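Have a look at the structure below before the remarks.
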């Protein structure tokens, strides 16, 4: 086990142990029903977290994603309400918009040489404002195609439903894994996270790559918006406040180092499922209060950040010796 | 004094222009009346409603001056508000309520400061932990309910007034003046700026940068405590879910609008406070002018973008050159350091 | 001739970093490039690799003029560089680093197996046993160097620049690296080798070129070259007229009058424990080559890298020196070598920079009044002749020499009893140079004790009462009185280990 994979194994181990604890207390939690719900309920988060993973791997951060998801929901709902376009066409339009939006932020980050944190903060305001301007209220989606999407599932043995959303998340993770770990683009992302200056010396087109990274995050946020609109069958501009934080938390709990350069997209999936598991446990327990979710997630965050800081220190100490 | 005025001039002008703009749409905007022993009017309302962001901005200014950032102030505010409401309900009285809230704020700051200065974790990462967990802690204290109380003494801090001026306004003005005096009448301001610009060189010059960093985060926690007290006192209850929600972003925005560089160094608390008032004027002004509030966020985004362009290390030197050319005299070099941050 | 450089000149505001330098490199030779910090080595390399654009001069490679605009372009032309701090990515695998930018792909995906094969091929012949699937960062610096060399050779293949590659290697690793270098030389590569380890230079190089103050001092075949001659080239021998005038009698203090004593202070890996006693008004020089432990001695004395052994004491008892703050409290001052990162606080004004150390010592609660700050600033601007439009100008806007004066003023304002100056005259113009030496004379007359680290021996001879010689991270000799001459210092630095103890204090 290398210091690179240690956080990933830690993540997986924590998830398995947590699941074991849950199972021992509530045997019902091992049913395909619970697993199916775990995937469906966290689909939107898993999808957007894949984009966030790539951004964080490159050493950046994207605070705009929650707002972009909310915007997406409203955009879809309003388009379906006001135009006769087929949902698939609306999805395509939306993804084009959110991808362009991400690319624009990436461009600003590079051209202005300002911290991604503050640039995407502006993006966060902008996207939510734009959603607000489309509609102030929640807009329900009533389209026959949506019923089809919502009811598309595979009945697993044990009556668990593997829904379209759950599958979409798993596919997103698989796609993200290929992109991050199996393409030249992915290597460039890791290179930027390892050190933008060195990456540039090794021939990474830093500007272009930055644009691509945030464009990808914008695309995934749009996709997550689609998933969320299917999940809730509505669009609401005030939805998903704080999702960016949950996505960042999932990425870090998934073993990716927040300063970039090391991590696994698969870990992010485990991070998302761990967070979902905590919530499921609290629901099963019934007496525990929901705020424990936040505290446990905060504790996990602290643990992983300290673990990685420790590994980093160990690494530099070894290199110096 | 003229130097202070010069430093905050862009913010003053922006604020004045905004107020003029709102007045066009809402002619009574600047009207202030005196009724029932208190001042009433939109401007007074802005001065009162802007209190939490203004209070947070005071501490945030110091943190950002050290090249840091404190994402946890919103959550800290919720914790401190919950502490004060709990202390009142538990019979510790007003002093206990204020005391517990301030202690909680200082403790939160100590936590953040230790992670940053001792463990060497990036500020944005370190404060993210409390940002995530803090609201859970606040809910733990309130047990998930809105913890209401009936104590006129504490409520006075939110809705009372002295000589007609609302208490929240008095509190942020007072704390702002106190902190500004503290950093400018002592050497703290200089030392904070020094570690923000070059921590290594400052440490070599004998500055205790570790303790100073922790102190700055504790100051931020302390300011958040007062923001929490004001917010809790205002609604006579601690709402762990919503108290201070996303206010950390407004606080950062206020500091940035105040012309303080996110890259640390020179800071002006007065300018940050004006920044907070600019944000509140936009909020209130849009409502009064009869525009839908959805414009609010778009305007904020535009503001951030403009400031980003002005602060960008890639573009700023160009602006400085243009400005210098326009002024035309090399003697203006005297002002460049002061203006660099704007 | 593989590579020729003719009259290369590069100036930066305030300094001429390279002054009409010539340099040749043959195919199949190792050509060492020597010089102290600031001599112009790195500027030369940067002009060669396109990181800097030269002001004047010509570069030819294989007879054709070249003018690389970026390191990538230089790489494509055939000039590859490997730095001390390996310029690869430790968080990627060895294979990814080797093939970066040219990974073999299949259906748009990186073909892992082909990539590993390619990487293994690139590394074959280097005699290292490396699993290319592992992260580069998990390997020792030596292996990382060799991976970097393999990448540079594959990408470029004509000229290989090794910039201080051995600085953090142990002797076994150096031997391994040199085997690689020798085999590359046999393959006909031209190799430029930069190092401050003279033994290594003598071991591996065919020729050597010495730079000093931006000028080429000498180019010689290594065979038949005397070590002493080489050190003379590097440290310089000719006195500037101005410093000669200021020269004083070398009168070391009477040992019984020395008030500040360091006994057995040192730190593992940095500097072996040493003793030092300092008298009032005494100037002690610290001489040695780059990397010998000069700066490290200062860092231990000032608590930056606190001592692990020994004690420091004065007439009032023991002094704690666990961090710079305690050193400042004890009345020490330290003007570091790298004033940009360690000295000045660039965005603060001249006035604030001058007041900083004094303020830090007084504590935050007792601010220096504005009037007092102005007085201090005006006083030192006048006394040190700091060229600034006024005291409110940001220090970052001043020239190097004036920045250095501001750092000196910061410490003088505190009136330290023991002031450590690390390369106080590096990279500043002649006028400022002489002023700083004069200043040293002045303040010691008032009783301040000074430790000067310098690679300019003439400078040490001009100001120091005693000179301590550092070699291989040890204090090996102390020269006093008439012994303080450049010749004796050079000899002490060059002396093999065995016979150096005779003069040790």
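Note that Cβ sites are derived from N, Cα and C of the backbone, with glycine treated the same way.
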*Among A:162-180, A:181-199, indicate the range for which TrEMBL gives the feature transmembrane segment.*
A:162-180
*Is the number of Cβ-Cβ pairs under 8 Å between the transmembrane segment (A:245-278) and the transmembrane segment (A:211-233) three or more, considering only pairs separated by 6 or more positions?*
no
_Counting Cβ pairs closer than 8 Å, which of A:6-26, A:63-81, A:117-141 has the most of them with the transmembrane segment (A:211-233)?_
A:63-81
*Flag the pair the transmembrane segment (A:162-180) / the transmembrane segment (A:38-57) as in contact if three or more Cβ pairs fall under 8 Å (sequence separation 6 or more).*
yes
*asked:* Below 8 Å between Cβ atoms, which of the listed ranges A:38-57, A:63-81, A:88-111, A:117-141, A:290-307 makes the most pairs with the transmembrane segment (A:6-26)?
replied: A:290-307
_Tertiary contacts of the transmembrane segment (A:117-141) (same chain, 6+ residues out, Cβ under 8 Å)_ = 61-64, 66-68, 70-71, 73-78, 80-81, 101, 105, 108-109, 214, 229, 233-237, 244
